[in-house]
Amino acid sequence: MPHCFGGAGARREACLQSAMEASERPVYFVFHLQSWTVVPDFTHHAHSASLSAVAVNNRYVVTGSRDETIQIYDMKKKIEHGALLQHNGTITCLEFYGTAHLLSGAEDGLICIWNTKRWECLKSIKAHKGHVTSLSIHPSGKLALSVGTDKTLRTWNLVEGRSAFIKNLKQNAHIIKWSPDGERYVTVITNKVDIYQLDTASITGTITTEKRISSLIFVTDSILAIAGDDEMIRFYSCDSQKCLCEFKAHENRIKDIYSFEREGQHVIVTASSDGYIKMWNLDLNKIKDVPSLLCEVNTKARLTCLAVWLDQSLETKENSEKAETSSQANEDEKSSIVRKNKVCRTQKSDKTAKRKRKITPEKTKLEAPLQKKKKKRNSSA
């Protein structure tokens, strides 16, 4: 089952919290996929200031804040694991690569590469002269892209931990994202999305929206889901740059959008300033149709960021149970085939026995010496 993590703003239930505790915090919810019901799991006062970033891998959840710290949570043990204190400034972006590495960016202009086994900083890179606003790791893990307030787009060689390429931009970009296949990437400058091709590093198309874009994800290698400072979610084709579908998702501006796939079902998760987290079922074969609402929850908080943690152990268990069921079915089928074969062989052996009874003793005596002679010839050879 997935857990949804929302970085929240000041609680509206001020009577339940003091002024100090009313600062922004993450709110955690469990989503049961079987019935698509939403059940609160736990809430934790993670930081002394508002949340600005959240990321997940198969075991950990990390949150970044304006308090300049990164907090780590072990989701298997359901405990607070520790804090990372390398940055001097608001944590602006966090991204895992696999199970072994985490990249963090902050307003101090640094990108830090962390080993998630020992949680030590392997390398600290002075990435931008201004703030690091966004970063994205290539699916191969060998490259990363970052944008900052110095109007540059930088390519990083993660194998050697050095800058590989610098591209000057006309304005500051605040989002950068690789496509799942790693063949293209996009930058977001206010309300404009520029689509780049990897092999040429040139812009192949531009998408412009009416309002500022707050979040963007690749639903597929060629379809983007874009959310902004309004209530709408829009799906765009990267090839034609045309809007394929748009629908009203919330009553207020959408702060973050996330997607995942489970058992062939594509799910879009949205978080809004109205306090709601919603999950939508997206049919890629009918991309022009409005996604259907699966469930929603009112967190009664001003949400700032969102991530979904999928419990891989439960998925593995479900898959193993399915595999056991199918293997048992195969075994049953095989055993029935074996039983049939045994019956067939028994019938054949009875017939063969009857035939052998018809063979004369003389022929039986002659066959044995011939076999011995053949064996002698083979051994002498």
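The backbone N, Cα and C atoms fix where each Cβ goes, glycine too.
The repeat 'WD' annotation in TrEMBL covers 44-76, 84-124, 125-166, 247-283. What TrEMBL lists as region 'Disordered' is 319-381. Annotation comment: TrEMBL describes 371-381 as compositional bias 'Basic residues'.
Within the chain carrying the repeat 'WD' (247-283), a Cβ under 8 angstroms from the stretch's Cβ atoms is held by residues 2, 4, 6, 9, 12, 29, 31, 33, 36, 38, 211, 214-217, 219, 225, 227-233, 289-308, 310, 315, all 6 or more beyond its ends. Per-residue confidence over the repeat 'WD' (125-166) averages 96 (mean pLDDT, predicted model). In the repeat 'WD' (247-283), the DSSP tally of helix, strand and coil residues is 0 helix, 26 strand, 11 coil. Assigned with DSSP, the residues of the repeat 'WD' (44-76) fall into helix, strand and coil as follows: 0 helix, 17 strand, 16 coil.
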